[in-house]
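**Q** I have a structure I would like to understand better, so I am pasting it below and will then ask my questions one at a time.
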Amino acid sequence: MTDRLTIRRPDDWHVHLRDGAMLAHVAPYTARQFARAIVMPNLSPPVTTAEEGRAYRDRITAAVPADLDFTPLIVAYLTDATDADEIARGHAEGVFTAAKLYPAHATTGSAHGVTDVANIMGVLERMQDIGMPLLIHGEVTDHDVDIFDREAVFIERTLEPLVRALPGLKIVFEHITTAEAAQFVADAPANVAATITPQHLHINRNAMLVGGIRPHAYCLPVAKREHHRLAVRAAATSGSPKFFLGTDSAPHAVHMKEASCGCAGIFNAPFALESYAMAFDQDGALANFEGFASEHGPRFYGLPLNEGTVTLERAEITVPDRIGDVVPFHAGETIGWRLV
């Protein structure tokens, strides 16, 4: 049995750091665990220009303690009106690492998102030409589609045609939650990859709904049936370079979660590596953890691997019920790994 696990410094390829007071509260947790993070642009207003991206990067850097070596990677928020030249300029200037496709109204802060992918094909063609990755929240928003089916329907209606139309575009199918998504990514060409969150390794939809409404287990995409959780977990722990770490850590204050219309999002940053390690350990796949956490992501993005290492050790720690005004993932639970 492995009691200590040392891996190359990992990265988080999908995180919400928010802004203002919440940014100051949560950014240090991500920066302690990860060397780099792809930071989501769904602020109010969203990050759509290079100037806005540069300013947000500066605010993140100011929120991270000076003794932590952390690089925020900024993402452009795509809208129906996005200008391809602006996206290309931000990428060329080193401001934008990638661009994010939110289907309009799919999740928190997506009201300005894209109503039809056809509206941004010119932008996507330019991104293909310059090697800029597209990050996708892969759910349809049609009212006639059941919320548990939105990811699978998105693959059929939007993602499959997009991959065919733009075979050179790097695409990250973010926070996958279904067997269909895991299979699609596994079978897709090398330019298609996926991120996987810790919560979708550990919980199914019962966590939200059994014994009462559990708002702190509510995120988008929602957790699905158990067979989907098992398929996503098998993909994560498989060693395939197509799957890598993206926490989708998404903090909301308690009163925004525990409400008649509560917000979607799970704050997992404080114990993210421990949570992932627990899943890999349970599945006898610790040998594949470094690839998932530290290697597959940068290789897909074409970025250098991090120098240095982090060490996790087998130790029981109890996750606090609250961290400030936010309830963390695994609140009140004992987990079996600790970041040294």
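Positions of Cβ are set from backbone N, Cα and C atoms, glycine also.
Here's the feature list from Swiss-Prot:
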| type | residues | note |
| --- | --- | --- |
| BINDING | HIS14, HIS16, LYS100, ASP248 | Zn(2+) 1 binding site |
| BINDING | HIS16, LEU17, ARG18, ASN42, HIS137, LEU220, HIS252, ALA264 | substrate binding site |
| BINDING | LYS100, HIS137, HIS175 | Zn(2+) 2 binding site |
| MOD_RES | LYS100 | N6-carboxylysine |
| ACT_SITE | ASP248 | active site |
**Q** Cα-Cα, whole number of Å: ALA264 (substrate binding site) versus HIS14 (Zn(2+) 1 binding site)?
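**A** It is 15 Å, counting Cα to Cα.
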**Q** I want the residues beyond LYS100, HIS137, HIS175 whose C-beta is within 8 angstroms of the mean position of the Zn(2+) 2 site's C-beta atoms, in chain order.
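**A** The surrounding set, listed in chain order, is HIS14, MET40, LEU101, TYR102, THR107, LEU135, ILE136, GLY138, GLU174, ASP248.
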**Q** Using a Cβ-Cβ cut-off under 8 angstroms and a sequence gap of six or more, which residues of the chain neighbour ASN42 (substrate binding site)?
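**A** In sequence order, HIS16, TYR77, LYS100, TYR102, THR107, THR108, GLY109, SER110 meet the Cβ cut-off.
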**Q** Please give the maximum pairwise Cα distance, in Å and rounded to a whole number, for the substrate-binding set HIS16, LEU17, ARG18, ASN42, HIS137, LEU220, HIS252, ALA264.
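**A** Value for the max Cα separation, rounded to a whole number: 19 Å.
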**Q** Counting only residues 6+ apart in the same chain, whose Cβ is under 8 Å from the Cβ of ARG18 (substrate binding site)?
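**A** Non-local contacts for ARG18 (substrate binding site): VAL26, LEU43, PRO251.
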**Q** Rounded to an integer, what is the Cα-Cα distance in Å between HIS137 (substrate binding site) and ASP248 (Zn(2+) 1 binding site)?
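**A** With the alpha carbons as reference points, the distance is 11 Å.
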**Q** Tally every other Cβ atom lying within 10 Å of the Cβ atom of HIS14 (Zn(2+) 1 binding site).
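**A** Other Cβ atoms within 10 Å of HIS14 (Zn(2+) 1 binding site): 26.
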**Q** In whole Å, note down how far the CA of HIS175 (Zn(2+) 2 binding site) lies from the CA of ASP248 (Zn(2+) 1 binding site).
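**A** Taking the Cα atoms only, ASP248 (Zn(2+) 1 binding site) lies 7 Å from HIS175 (Zn(2+) 2 binding site).
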**Q** Which ones are near HIS14 (Zn(2+) 1 binding site): of the binding-site residues HIS175, LEU220, HIS252, which have a Cα within 10 Å?
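**A** HIS175, listed in sequence order.
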**Q** Out of these binding-site residues, LEU17, ALA264, which one has the fewest other C-beta atoms within 10 Å of its own C-beta?
**A** ALA264
**Q** Listed binding-site residues are LEU17, LEU220, HIS252; which of them have CA atoms within 10 A of the CA of HIS175 (Zn(2+) 2 binding site)?
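**A** So far as Cα distances go, the binding-site residues lying within 10 Å of HIS175 (Zn(2+) 2 binding site) are LEU220.
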